[in-house]
Structures are given as C-alpha cells and as structure tokens.
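In Swiss-Prot this protein carries:
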ACT_SITE  H274  active site, tele-AMP-histidine intermediate
DOMAIN    182-287  domain 'HIT'
MOD_RES   S132  phosphoserine
REGION    1-110  region 'Interactions with ADPRT/PARP1 and NCL'
REGION    207-211  region 'Interaction with DNA substrate'
MOTIF     126-131  motif 'Nuclear localization signal'
MOTIF     272-276  motif 'Histidine triad motif'
SITE      S188  site 'Interaction with DNA substrate'
SITE      H265  site 'Interaction with DNA substrate'
SITE      H276  site 'Interaction with DNA substrate'
SITE      K291  site 'Interaction with DNA substrate'
ZN_FING   331-353  zinc finger
Amino acid sequence: MSNVSLSASAVSRVMMRVCWLVRQDNRHQRIKLPHLETVMVGRSPETKIADKKCSRQQVQLKAECNKGYVKVKQVGVNPTSIDSVIIGKDQEVKLQPGQVLYLVNELYPYIIEFEEETKSPGLESHRKRKRSGSSDPTERGADPEAEPSTGLEPGSNPHQCSVPPKKEKDASIKKESLGHWSQGLKISMEDPKMQVYKDEQVVVIKDKYPKARFHWLVLPWASISSLKAVTREHLELLRHMHAVGEKVIADFAGSSKFRFRLGYHAIPSMSHVHLHVISQDFDSPCLKNKKHWNSFNTEYFLESQAVIEMVQEAGRVTVRDGMPELLKLPLRCHECQQLLPSIPQLKEHLRKHWSK
C-alpha cells in the first residue's frame, strides 16, 4: 500500500500547468509563459512585428498558471488593450482565457492557452491542452468587434450602445469589464433572456455593442471555435445560419429601408464562430473608430455566401495574409466611396444616404 502511495505522490510532484501566448493569425510560433516568470513581448523577430509604434518591450507578462490567468503590464507608450479596453501606461490587469490581447493600437491579437503536463518516470510527457474562450476544452479563442460581442441585457435598447461612458480615472470599471467577458459568447448564447431566435442548430442574439441600428449574431450550438475549424461537413450548417439570418431580418426589420449584409470577420476576437447580420446604416454610438468601420467595410468582412462557396469548393476557409492591415485603411464611405477624415464626419456624411 505504501509503495502505491509513494508512486502516486511521485507522479503528482511532476504534474505541472504551463501557459502559452498564441498569435491569432498564426504569424509565429506560440510563446511559452513560465509560471510566475516575467516575459517581455513586443517588436521582435520572434513576434514578426516590425511596426515602429510597437515598442520592443511593449508588454510585461507574468503567468499565474495555478490561478488560470496572466498579468499584463503595458510598458510601451502606445496603447495596449484587452477586448478593446486600453490598459494604460504602467498599468497592470489580468488577461483571462477567452479574452484577446491587442499588443498595440488594437492590432496583433493574442490569446492565452493553458496546458497540463504530466511527466512519469520512464514515460513520455502527456499534455492536456485547455483551449481558451470557453469552459468547453475543445474550443479556442477566435471578431474584431472592437468590443467583445454578446447579447444585449434585458430591457436594453438595441439602437443604443451599452458601453458606459469613458472614465479615465476610474480604473476599477475598466478592470471589472475585462473580467466580465472572460467566457466570451458562450454565456450569452445560452441565456434565454438574450436570445432573439433559436432552433436545434443555432441561436441568434443581439450584439452587445451593435455597430448599426440592427446588429445580430447567429451562432451554432455545436462547438466550432472559428472559421479555421470549418470543413465541408459544416456546409449545411453554414447555409442554415445564413437562412436564419435572413429570417431574423424579415421578422424584426422587415419594414426597415436599410439593406443588410451577412458575413464573418476574417480574424475574429471572440471564441465560437458567429455570423454577423448587420444593417448598413451604421448609425450607432458604438461605432467609434477606424477599426470598427474597416472591420465591416473592407475585405476583412467575409460575405456569408462567399464563405459557403469557398467551403464547398475548397473544403475550408482561407484567409489571405495582411488582413490586420485592412483595419488601418482610410475611412471610406461604403455607398459612394468618398474619403472622410474622421468618424464624426463619416457619420454625418452617412446621413445623406439614408434618405435615398
């Protein structure tokens, strides 16, 4: 009995949990974050980031492997953010599984993954990877909605942004919001109060931070982390998601004069594949910056039908290189292609098209 006890104890002593920093667009190999060790990440050959706005020591990371999070300290001058909430120079916050760390200026998205390693004498190491973004270990963080997307709270006005006003001095609000979305879309899609429509295959919720008067997300119940995980086996599901999106438009916005688009972000920032159903008025206080606009009005936004055709022909979804650069393009009206210098001027310009 004592020998068995000692053997089990020996095995437990070599069981350890490790953390990895993973670039969402897979531009480079993942970076190991040893438990309680400080790791500096920024512009370097390792990250393949050449952007001069990103410092060589942009962030300081320290993994709390036993607690399941990473402490992130912004060291560089330009803003680092988590789920589009800016950390602030020399400020430190926690990065949870399911959240997306944007290294600088809401570019270069990273997520964290935890693995359990067990090393037994005379045996190879056994690893159990925990995917980020959900309580389901098969899922992985995957929309640069500039804020994380979930359903609206009960009683919310779908035409109003539910983001609270910015209070630079109130750091506690920022930190609270970082933790609140740690489970991504999974919680919202399973909350009956947030559901607009559901059937055996999909559920529809209103985007927590709508970028237009009408902005819904269609999500499959099946655990599909992102478009990269989609295969021909999912073709019927993709078609059903598209059909449900069109049904929601007819049921809830049938009298709207605005046209709609259905599509996916090329590099989403939240776990669980989701189809955007969005009206083209872009009349929302949540539409705040160039990244928001370009994520829906450049090739960064993949049309639903185009994705279906791609999967039908190639068996998978291919996203070309350089997608993050599209988010930095000049602001251009999606109706007449006129260039506008700022978001306020773009919004004022868009009003001219509403009456047409």
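Glycine is no exception: its Cβ is also placed from the backbone N, Cα and C atoms.
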H274 (active site, tele-AMP-histidine intermediate) in three-state DSSP notation:
coil
All-chain count of other Cβ atoms within 10 Å of K291 (site 'Interaction with DNA substrate'):
20
Remote residues contacting the motif 'Histidine triad motif' (272-276) - C-beta distance under 8 A, at least 6 residues beyond either end:
133-134, 139, 142-143, 149, 184-186, 189, 207, 215-220, 223-227, 229-230, 241-242, 245, 261-265, 296, 301, 304
Entries of S188, H274, H276, K291 which, being recorded positions, have CA atoms within 10 angstroms of H265 (site 'Interaction with DNA substrate'):
H274, H276
So of H265, H274, H276, which of the recorded positions has the fewest other Cβ atoms within 10 Å around its own Cβ?
H265
Averaged across the motif 'Nuclear localization signal' (126-131), what pLDDT does the model get? Just tell me the whole number, please.
47
Checking distant contacts: for the zinc finger (331-353), what same-chain residues at least six beyond its ends satisfy Cβ-Cβ under 8 A?
280-283, 287-290, 293-294, 297
Cα distance (Å, whole number) from H274 (active site, tele-AMP-histidine intermediate) to S188 (site 'Interaction with DNA substrate'):
12
